[in-house]
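These features come from Swiss-Prot:
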| type | residues | note |
| --- | --- | --- |
| BINDING | GLY12, ALA13, GLY14, HIS15, ALA16, GLY17 | FAD binding site |
| BINDING | 272-286 | NAD(+) binding site |
Amino acid sequence: MFEKQYDVIVVGAGHAGSEAAAAAANMGSKTLLITMNLQNIAQMSCNPAMGGIAKGQIVREIDAMGGYSGIVSDTSAIQFKMLNKSKGPAMWSPRVQSDRMRFAEDWRLKLEGTPNLDFYQEMVAGLIIENDKVIGVRTSLGLEVFAKSVVCTNGTFLNGLIHIGDKQFGGGRAGERAATGITKDLIEVGFEAGRMKTGTPPRVDGRSLDYSKMTEQPGDDIPGKFSYSDETKPLSKQRSCHMTYTSNEVHDILKEGFDRSPMFNGRIQSIGPRYCPSIEDKINRFADKDRHQLFVEPEGWNTVEVYVNGFSTSLPEDVQFKALRSVAGFENVKFFRPGYAIEYDYFPPTQLKHTLETKLVEGLYFAGQINGTTGYEEAACQGMMAGINAALKVQEKDEFILKRNEAYIGVLIDDLITKGTEEPYRMFTSRAEYRTLLRQDNADFRLTERSYNLGLASEKRMRKMEEKKDKSLKFVQYLKDLSVVPEEANPVLEKRNSSPMKQSDKVFKVFSRPQITMEDVKNFSGVEEFISENELNEEMIEQTEIQVKYSGYIEKEKNNADKLNRLEDMKIPKNFDYSNIKSMSYEAREKLKKVQPATVSQASRISGVSPNDISVLLVYMGR
């Protein structure tokens with residue numbers, strides 16, 4: 001069978017659980033991954049894609065930390081796009097369309113090749129907790145397995161309830177049963193629980209679609225990739241997606257089913273994701289819009305199954321079908337399966353520490369949708385961080401926390417712990433106040449050394465990052481030292497409608513002009529030779545351009561981050577008594593008592609805590 005004592009047990013093998021198990025095992029902890037179905041490891045339950053706005057940055061951060069999501073996203077990709085390329089580098093976000101079946105298979109194979117990792121297929125029905133400390137899990141068959149740390153990554157399975165029109169039934173995902181027992185155990189020891197909702201669109205037969213009535217959405221001409229490692233290569237061929245629109249006719253058909261919609265008849269009370277609303281929610285909330293975009297996404301290289309992005313719904317199946325048949329290109333559509341909504345239990349994340357360990361039960365960690373987030377990438381990064389900290393706790397080493405100025409992962413976890421969430425939380429670039437520092441191109445600079453010190457990133461990765469960093473810095477310095485005369489620069493400046501130079505200047509300064517590109521700079525004497533002699537690749541050249549163009553913004557954000565970190569270093573004593581600080585607002589006292597922030601900086605980010613409250617706190621702490 002398997003051993004009965006582990007360092008770390010991970011409950012659930014979705015995106016969070018898979019990264020948690022990989023991190024803990026790769027750090028040397030004897031790890032057991034328990035899932036209800038070993039054939040469904042790392043399933044893409046919703047859209048067949050990884051990355052996107054802010055999410056792509058997270059995948060690159062996971063990769064820089066030695067996680068598997070970036071590598072698997074590359075090996076299973078069918079299309080690559082760098083989103084927001086017309087904006088500044090802080091907004092660039094990589095995204096891949098994925099082969100759903102290959103994604104899950106590649107994840108399974110990566111995990112099977114990971115040392116210190118065992119697998120078991122069973123439902124975990126309870127947690128074994130003694131003296132406010134988790135010591136193991138109990139399965140539905142009554143088997144008890146013990147561990148020093150447990151990571152719960154239950155996804156949408158905790159008391160999951162699926163809705164299609166006026167039909168509802170228990171399930172954690174289409175065709176899979178819900179998980180029961182854990183919520184009851186956690187409430188009994190004092191946890192607060194809530195319910196959330198998410199939804200998914202119909203899957204259809206691509207052979208029944210008329211793509212000539214849609215707009216093709218190809219991948220990038222020169223595709224990139226997620227992983228910084230040499231383990232993966234950019235795509236040599238790609239599959240296109242397509243775009244079409246709903247219409248007033250489609251909306252009218254959908255409205256016919258509103259009286260049977262669980263969203264509108266009160267059957268679903270939970271809050272769904274604000275930024276991924278159902279089609280019925282969209283036409284209800286945005287009644288002035290006569291059409292909505294639909295993205296038609298292939299599910300893989302060889303399958304005919306297609307995902308209808310933008311048509312998430314829990315309306316009756318007959319209404320879904322009739323409405324889709326009125327969409328341009330879908331006149332003869334055949335369904336593979338209808339869309340549905342699912343309600344599930346979650347635990348407000350203010351009950352966690354920044355390590356993702358629960359405050360109530362020692363050694364118990366939560367990651368993913370159990371914390372109120374939505375999205376594969378958000379789940380995966382939490383899983384990785386929970387797995388790292390679960391392993392560190394077992395090894396009696398210092399905890400690992402990423403700050404808001406160090407990673408989007410740090411922003412996400414800090415938001416959850418200090419602000420909580422009452423609706424499914426997803427990441428956006430706008431949530432990160434230091435997004436110029438947290439770009440997708442420099443995640444390796446920010447995180448690889450930290451990961452290497454944890455024992456996750458390999459020596460090879462570390463050397464590769466150092467070479468990229470050294471060579472790009474050397475190129476920046478070369479451009480600062482190199483002068484260019486007006487006779488050489490002005491023809492280039494004139495072509496770009498940039499004002500001419502009157503005297504010699506440094507290439508760095510000329511390059512700083514917004515109109516001037518790296519291709520222009522290569523025309524100046526010595527630049528091409530420097531690139532060739534120093535064997536600079538495209539990544540190093542791009543890094544140099546960003547450092548030159550955005551040096552002012554980067555410096556400003558670094559200074560702001562340094563100020564924040566001074567507050568981050570001001571620790572608040574554990575179990576600090578806020579009730580005696582009468583000059584602080586009542587709301588602030590209540591919020592601080594509930595969240596119990598570890599630092600003054602965290603306290604300042606809690607909703608309802610004003611700058612004046614922080615000043616009072618600092619005085620009270622004798623600062």
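Including glycine, each Cβ sits where the backbone N, Cα and C put it.
Positions of the features from Swiss-Prot, shown on the structure.
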residue : record              : DSSP class
ALA13   : FAD binding site    : coil
GLY272  : NAD(+) binding site : coil
SER278  : NAD(+) binding site : coil
ASN284  : NAD(+) binding site : helix
- Item | Cβ neighbours of CYS276 (NAD(+) binding site) where a neighbour is any other Cβ within 10 Å | 19
- Around ASN284 (NAD(+) binding site), how many other CB atoms lie within 10 A of its CB? 17
- Query: Hey, for the FAD site built from GLY12, ALA13, GLY14, HIS15, ALA16, GLY17, who else sits with CB inside 8 A of the CB center?
  - Reply: VAL10, SER18, GLU19, ALA20, THR35, ALA42, THR153, GLY155, ALA367, GLY368, ALA379, GLY383
- Query: Any idea what the Cα distance is from GLY272 (NAD(+) binding site) over to GLY17 (FAD binding site), rounded to a whole Å?
  - Reply: 23
- Message: Between ALA13 (FAD binding site) and PHE286 (NAD(+) binding site), how many Å separate their Cα atoms?
- Response: 37
- Row GLY14 (FAD binding site), column other C-beta within 10 angstroms, all chains, value 30
- Report, in whole Å, the straight Cα-to-Cα distance of GLY12 (FAD binding site) from GLU280 (NAD(+) binding site). 31
- Message: With every protein chain in view, what's the tally of Cβ atoms within 10 Å of the Cβ of GLY12 (FAD binding site), excluding that atom itself?
- Response: 32
- Message: Among HIS15, ARG274, LYS282, the binding-site residues in question, whose Cβ has the most other Cβ atoms within 10 Å in this structure?
- Response: HIS15
- Filtered by Cβ under 8 Å and at least 6 apart in sequence, the residues in the chain of PHE286 (NAD(+) binding site) near it are HIS292
- Query: Any idea what the Cα distance is from CYS276 (NAD(+) binding site) over to ALA16 (FAD binding site), rounded to a whole Å?
  - Reply: 20
